[in-house]
Amino acid sequence: MKTLLLTLVVVTIVCLDLAYTRKCYKTHPYKSEPCASGENLCYTKTWCDFRCSQLGKAVELGCAATCPTTKPYEEVTCCSTDDCNRFPNWERPRPRPRGLLSSIMDHP
């Protein structure tokens, strides 16, 4: 009887472990969600677009089976633990002074 009980416990643990899915943050909307079967990596992809100087880099978060390949202007980081791809925490770019205020600040 003890052997049967032990066997059931082992089978349950093995089955639960096989059904595990990675959780990663995803964009649009920004929230943690389970990844599809076979996608065991979380990634963060950043790049500059036409709004980069005002808003900072564009960000894409998601799941992948392999770390995504990058284009020359992109940066990608991959990780393999749950929710390891949080939204990057960087400072928003500050606008440069322009016009009359700029000339007053440049020449005290």
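Here the Cβ of each residue, glycine as well, is placed from N, Cα and C on the backbone.
Computed from a predicted structure; not experimentally measured.
Here is what Swiss-Prot records for this protein:
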- Cys24-Cys42: disulfide bond (DISULFID)
- Cys35-Cys63: disulfide bond (DISULFID)
- Cys48-Cys52: disulfide bond (DISULFID)
- Cys67-Cys78: disulfide bond (DISULFID)
- Cys79-Cys84: disulfide bond (DISULFID)
- 1-21: signal peptide (SIGNAL)
In three-state terms from DSSP, label Cys63 (disulfide bond) for me.
-> strand
The most crowded of the disulfide-bonded residues Cys35, Cys42, Cys78, Cys79, judged by neighbouring Cβ atoms within 10 Å of its own Cβ, is Cys42
Where Cys52 (disulfide bond) sits in the secondary structure, as DSSP reduces it to three classes | helix
Go through Cys52, Cys63, our disulfide-bonded residues, and report the one whose Cβ sees the most other Cβ atoms within 10 Å.
-> Cys63
Among the disulfide-bonded residues Cys24, Cys35, Cys52, Cys84, which ones place their C-alpha within 10 angstroms of the C-alpha of Cys67 (disulfide bond)?
-> none
Spatial neighbour of Cys63 (disulfide bond) that is closest, considering only the disulfide-bonded residues Cys42, Cys48, Cys79, Cys84 and their CA atoms = Cys42
